[in-house]
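Asks: Dumping what TrEMBL says about this protein:
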| type | residues | note |
| --- | --- | --- |
| TRANSMEM | 29-49 | transmembrane segment |
| DOMAIN | 41-290 | domain 'G-protein coupled receptors family 1 profile' |
| TRANSMEM | 61-78 | transmembrane segment |
| TRANSMEM | 98-120 | transmembrane segment |
| TRANSMEM | 140-162 | transmembrane segment |
| TRANSMEM | 197-225 | transmembrane segment |
| TRANSMEM | 237-261 | transmembrane segment |
| TRANSMEM | 273-292 | transmembrane segment |
Amino acid sequence: MEVCNSTLGSGFILVGILDDSGFPELLCAAITALYLLALTSNGLLLLVITMDARLHVPMYLLLWQLSLMDLLQPSVIIPKAILDFLLKNNTISFGGCALQMFLALTLGSAEDLLLSFMAYDRYVAICHPLNYTILMSQKVCCLMIATSWILASLSALGYSMYTMQYPFCKSRQIRHLFCEIPPLLKLACGDTSTYELMVYVMGVTLLFPALAAILTSYTLILLAVLHMPSNEGRKKALVTCSSHLTVVGMWYGGAIFMYILPSSFHSPKQDNISSVFYMIVTPALNPLIYSLRNKEVTGALKRVLGKKLSVQSTF
């Protein structure tokens, strides 16, 4: 088979879920609405946590980072996908594809690590409340955030560079919403079996230890909650943890499907649906799950909006 030139001047054609759908206009409208919801809800949560001094504690600083990731992650993919659909131009340059892959991997991996740190934060707050300020100090919180970004960036850089060094076959159509490792490897001319195993190992190494840490933390939390004498304290702990577990379930479900299951178990259409779910749906719903079920966040939101309305009324 003829091989196309894998240089910065070469490009790909993204044939994603919008092109394969029976109702592309309706699906485009739904994805646009979800994207606007993700921008609005995450942006509002970032504003509330930034402006309300009462929320400047580790739990909400980690939540601030999660909202930032959930705001940036769909922004790497959705604006281009919508513009491509409207302009009927699905091309992406070689460099653009590499950059998109790097950013998506960085944000996804960072969120994976951050969710495990958030679970540890809840474990310390509920199981070791007297030592919370020591075990979850501002310094520890900043270290967690830095670790998430640095490890995710280094991992994403390595895998993006290695993926893009392959020669790609004449068919430049990526049957996916964006440039992601599994669909891109299907276009490679060389033997990718060893690298696919590396990608699988990466998925297992990043996802499973973090998921195990999360499940362990919440198991210990549940055991501690069941022994709480106060019904109100037990209810508050369960509400907070159930919100976190809802986010974890939505995120890890799609990520495990995409990176852990062998390619023979899913089709391009299933890959697209999975990516839409954990790249668009989850970021849009995360802030709603946290804010609607958290009295401190809703209270802060009312205070911030109340201040803005009072300021506007004076003019």
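Just so you know, glycine gets a Cβ as well, placed from its N, Cα and C.
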Asks: Within the domain 'G-protein coupled receptors family 1 profile' (41-290), what mean pLDDT does the predicted structure show?
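Replies: For the domain 'G-protein coupled receptors family 1 profile' (41-290), the model's average pLDDT rounds to 85.
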Asks: Under 8 angstroms, Cβ to Cβ: which one of 29-49, 61-78, 98-120, 140-162 has the largest number of such pairs with the transmembrane segment (197-225)?
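Replies: Between the stretches 29-49, 61-78, 98-120, 140-162, 98-120 has the largest tally.
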